[in-house]
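All remarks here apply to the structure that follows.
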Amino acid sequence: MLDQLSVESIPPLLGASKAQLTHWAQTYQQPAYRGQQVHQWIYQKGVHSLSDITVLPKQWRTEIADIPVGRSQIHHRSAAQDGTVKYLLKLADGQIIETVGIPTQKRLTVCVSSQVGCPMGCDFCATGKGEYQRNLACHEIVDQVLTVQEDFQQRVGNVVFMGMGEPLLNLEQVLAAVRSLNQDVGIGQRSLTVSTVGIPKQILKLAQHQLQITLAVSLHASNQRIRTQLVPSAKHYPLEKLLKDCRAYVTQTGRRVTFEYIVLSGVNDQTEHALELAHHLRGFQSHVNLIPYNPISEVDYQRPTQKQLQQFLNSLQSQHITASIRRSRGLDKDAACGQLRATQMIDPASS
């Protein structure tokens, strides 16, 4: 992958493993440890240009200066009152993606995008209201984590693939990013969460990799009728089949599945819905995350009250379903769940 080729044909180095970078350095007749130095400077020191790696011989630095590391630019940064920071990152082709840094007392979490836009068109989600452009490459995903880590000057402890896009439609690059975040950046697999609305066959394909990551399935409904209304792709992936595949995932990996459930007042928040959901999940190694709807301008869904949320939670727990309410972060900067969208999908300066 990283043999000595013309600059135009060499992919960005970000996302490459220590072994790959060692081999790459050797193609330039450099000793193996030079590749290890490049690895350290890319992943630990956050270098944006190979010419800035001062421990390398000056002549070689000049020779490789034009080979891209694969880092993006911060196009815009906005901080919410709760400390959450939303970033618009400008990619090499001018496309804009969103990334969110979410600090808590215990850890720094990064919510990464896996696509530019999203083709799934979920009714309550801002990203789905915009145009889908393309999949992100591995380096464009890993870069988001390093960018937040550098900006906060704090080590990232948790990464969730819950930003723009459907990760399982970009499974190859997402898996490559998971490997790099784990082995190169040093984030444990159990601190990585991949979210999906459910893509036929892809959950089973993911299970074959036997990863220790968390799979989060965006369920959002207790029956097929409501789910089809909220998630158009559910027409091609019935709820029963989705849940069957999730059970198979648990069996194959030994990891419980997290079910994300955006609560919409008057739509999917009634006691009957909670009991229906509990029926589906009884005996299932799972956890339900209840997420209060975060408003977007295109639709008139209503956010539930705290009382409604608590009643729904109580109904689930009365049926012995493990569940919790997720606190919304970054709401005042449109950085909360379901609110992500790049206000400029392409930077005007690049066109």
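Each residue, glycine too, has its Cβ placed from N, Cα and C.
Annotated features in Swiss-Prot:
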ACT_SITE  GLU98  active site, proton acceptor
ACT_SITE  CYS337  active site, S-methylcysteine intermediate
BINDING   CYS118, CYS122, CYS125  [4Fe-4S] cluster binding site
BINDING   GLY165, GLU166, SER195, SER218, LEU219, HIS220, ASN294  S-adenosyl-L-methionine binding site
DISULFID  CYS111-CYS337  disulfide bond
DOMAIN    104-332  domain 'Radical SAM core'
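Recorded features from Swiss-Prot, shown on the structure.
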residue : record                               : Cβ neighbours (10 Å)
GLU98   : active site, proton acceptor         : 26
CYS111  : disulfide bond                       : 28
CYS118  : [4Fe-4S] cluster binding site        : 26
CYS122  : [4Fe-4S] cluster binding site        : 21
GLY165  : S-adenosyl-L-methionine binding site : 30
GLU166  : S-adenosyl-L-methionine binding site : 27
SER195  : S-adenosyl-L-methionine binding site : 22
SER218  : S-adenosyl-L-methionine binding site : 26
LEU219  : S-adenosyl-L-methionine binding site : 29
HIS220  : S-adenosyl-L-methionine binding site : 26
Margin query: Please report the distance from the Cα of LEU219 (S-adenosyl-L-methionine binding site) to the Cα of CYS118 ([4Fe-4S] cluster binding site), rounded to the nearest angstrom.
Written below: 17
Next item on the list: By Cβ count within 10 Å, point out the most packed of the binding-site residues listed: CYS125, ASN294.
Entry: CYS125
Notebook entry, point to check: For GLY165 (S-adenosyl-L-methionine binding site), which of the recorded positions GLU98, CYS111, CYS118, CYS122, CYS125 has the nearest Cα in space?
Noted result: CYS118
Checklist line | Alpha-carbon distance [ASN294 (S-adenosyl-L-methionine binding site); CYS125 ([4Fe-4S] cluster binding site)] in Å | finding: 9
Notebook entry, point to check: Which one is closest to CYS118 ([4Fe-4S] cluster binding site) in space, judged by CA to CA distance, out of the recorded positions GLU98, CYS111, GLU166, SER195, ASN294?
Noted result: GLU166
Next item on the list: Translate the DSSP assignment of CYS118 ([4Fe-4S] cluster binding site) into the three-state scheme.
Entry: coil
Notebook entry, point to check: Near GLU98 (active site, proton acceptor), meaning Cα within 10 Å, which of CYS111, CYS122, GLU166, SER195, SER218, ASN294 (recorded positions)?
Noted result: CYS111
Check: Out of CYS122, GLU166, SER195, HIS220, ASN294, which of these binding-site residues is nearest CYS111 (disulfide bond) by C-alpha distance?
Finding: SER195
Next item on the list: Can you tell me how spread out the S-adenosyl-L-methionine site is, meaning the largest CA to CA distance among GLY165, GLU166, SER195, SER218, LEU219, HIS220, ASN294, in Å?
Entry: 19
Notebook entry, point to check: Taking DSSP three-state, what's GLU98 (active site, proton acceptor) in: helix, strand or coil?
Noted result: strand
Notebook entry, point to check: Expressed to the nearest Å, what is the distance separating CYS122 ([4Fe-4S] cluster binding site) and HIS220 (S-adenosyl-L-methionine binding site) at their Cα atoms?
Noted result: 10
Next item on the list: In three-state terms from DSSP, label SER218 (S-adenosyl-L-methionine binding site) for me.
Entry: strand
